[in-house]
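Engineer: Handing you a structure now.
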């Protein structure tokens with residue numbers, strides 16, 4: 001005997017919106033009647049098949065623009081400013097833009113739309129939304145764990161930006177000279193020293209710039225390895241971490257009502273800083289050399305699977321898909337909100353921001369290379385924290401006009417980006433940061449996004465999902481969306497996951513490996 005089951009499109013009964021004290025509630029046009037698994041008496045259910053929940057209220061964004069800006073603020077984060085430029089440089093330069101655009105068009109943008117639609121249709125977060133496919137509820141819990149990992153990652157980076165932000169108010173930027181209290185004076189050189197001359201005068205001696213030594217010895221007080229543990233918390237960074245958590249608390253204390261207002265600043269201020277730094281950077285000598293270095297295509301890299309893997313990783317990291325945060329954000333939308341439009345706008349904005357950040361970063365690094373009489377690749381200390389807290393501060397130190405102002409703006413921008421995107425601060429904290437970034441913010445998201453797509457489009461059904469979207473926004477997803485959801489994304493992510501397992505290499509922090517207990521299965 002065939003039995004019917006409640007499906008997510010039971011939400012069709014709950015589409016009229018009413019205003020109640022400034023909040024919208026989804027009220028039933030008619031009672032939703034659905035038989036239980038044995039075909040017995042009908043029950044009144046909500047969007048997810050839960051009894052007696054049809055009239056529950058839920059806060060909503062004060063305006064559609066607040067939702068859009070909040071999504072922009074969350075998606076446009078640190079991954080755009082320091083991760084994308086270095087990833088592009090490492091994976092073919094200008095040629096990397098091709099795989100990145102392909103991935104954004106056929107994976108990133110459709111996933112973004114899918115997650116927004118899931119949250120808006122159900123008005124649930126990343127766990128309860130899986131009532132539609134109960135067997136996949138573990139995906140929601142996995143997304144919670146992944147989000148917690150990335151939050152710890154971002155807040156730790158925010159602590160560093162807070163430290164540098166306050167340090168930038170010094171009369172002389174403290175990383176521009178070698179201070180005997182933290183520097184090894186026999187190997188420390190200030191950031192304006194000509195590297196080519198040093199090579200002649202010091203031979204094979206290892207010389208370290210004051211910017212790098214300041215970061216390693218004064219800010220982090222980093223351990224050479226974590227074989228004997230990660231050490232005690234560094235008290236200054238711990239205070240900066242506490243400050244970061246307080247800012248996050250104040251931002252979220254009233255839910256979307258407070259975070260939506262903050263989004264006007266957090267979404268727009270980074271663009272003001274990026275454009276200001278770009279205009280300033282392009283007026284400096286050597287800037288175009290840096291931009292050309294960034295854009296120089298290496299076409300042969302397009303045949304390298306590693307480049308495509310990097311493009312997918314960057315797209316996930318940048319758009320914040322797969323973490324469940326988008327489902328939560330859109331769950332506070334009105335039922336008829338045009339999420340397909342927002343997914344397109346945010347994807348394009350995210351891509352253009354990444355390109356803008358690349359121009360800005362490499363224009364200023366080009367000037368740094370010019371000042372030091374060396375090549376651009378020599379002034380790049382590596383991606384991530386090294387680029388943000390070594391290479392870029394060194395470049396800012398060479399600004400002849402108001403270096404403190406530009407440093408304050410830059411680190412305030414990083415803090416803003418980190419606060420909107422969301423462990424601790426021991427002396428071995430950077431080892432943990434790298435570990436969390438690799439597993440919590442990258443590897444696990446491939447698995448979750450793959451399972452999420454398969455559960456919705458192969459188990460629940462692509463046709464039923466499209467029916468729900470058509471009922472919600474009045475327009476059925478076209479062949480482009482359906483092909484990406486049902487075919488291209490799951491197959492591509494499965495292939496990428498297999499590739500990542502086959503090509504997995506031992507995790508390193510710089511040249512230092514991890515103890516077995518940190519990475520063992």
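A Cβ is built for glycine as well, from the same backbone N, Cα and C atoms used for every other residue.
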Engineer: Taking 220, 417, 448, 451 as the options, which does TrEMBL list with 76, 80, 318 at the Na(+) site?
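Structural biologist: Between 220, 417, 448, 451, TrEMBL records just one in the Na(+) site with 76, 80, 318, namely 417.
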Engineer: For the transmembrane segment entry in TrEMBL, name the matching range from 197-215, 235-253.
Structural biologist: 235-253
Engineer: Please identify the range among 153-177, 378-402 that TrEMBL labels transmembrane segment.
Structural biologist: 153-177
Engineer: Tell me the Cα distance separating residue 178 (disulfide bond) from residue 80 (Na(+) binding site), rounded to the nearest angstrom.
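Structural biologist: Residue 178 (disulfide bond) has its Cα 31 Å from the Cα of residue 80 (Na(+) binding site).
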Engineer: Taking the Cβ of residue 76 (Na(+) binding site) as the centre, count every other Cβ atom within 10 Å, in any protein chain shown.
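Structural biologist: A 10 Å sphere around the Cβ of residue 76 (Na(+) binding site) contains 29 other Cβ atoms.
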Engineer: Please report how many Å separate the Cα atom of residue 76 (Na(+) binding site) from that of residue 178 (disulfide bond), as a whole number.
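Structural biologist: About 35 Å separate the Cα atoms of these two residues.
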Engineer: Between residue 188 (disulfide bond) and residue 417 (Na(+) binding site), how far is it from one CA atom to the other, in Å?
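Structural biologist: Here the two Cα atoms lie 32 Å apart.
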Engineer: Round to the nearest Å and give the CA-to-CA distance linking residue 178 (disulfide bond) with residue 417 (Na(+) binding site).
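Structural biologist: Answer for this pair: 30 Å between alpha carbons.
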Engineer: Just to confirm: which same-chain residues, 6+ apart in sequence, have a Cβ under 8 Å from the Cβ of residue 318 (Na(+) binding site)?
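Structural biologist: Once residues fewer than 6 apart are set aside, residue 318 (Na(+) binding site) is near 75, 76, 77, 79, 80, 83, 84, 108, 350, 354.
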Engineer: Over all shown protein chains, what is the count of other CB atoms within 10 A of the CB belonging to residue 188 (disulfide bond)?
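Structural biologist: Step by step: centre on the Cβ of residue 188 (disulfide bond), count other Cβ atoms within 10 Å, giving 21.
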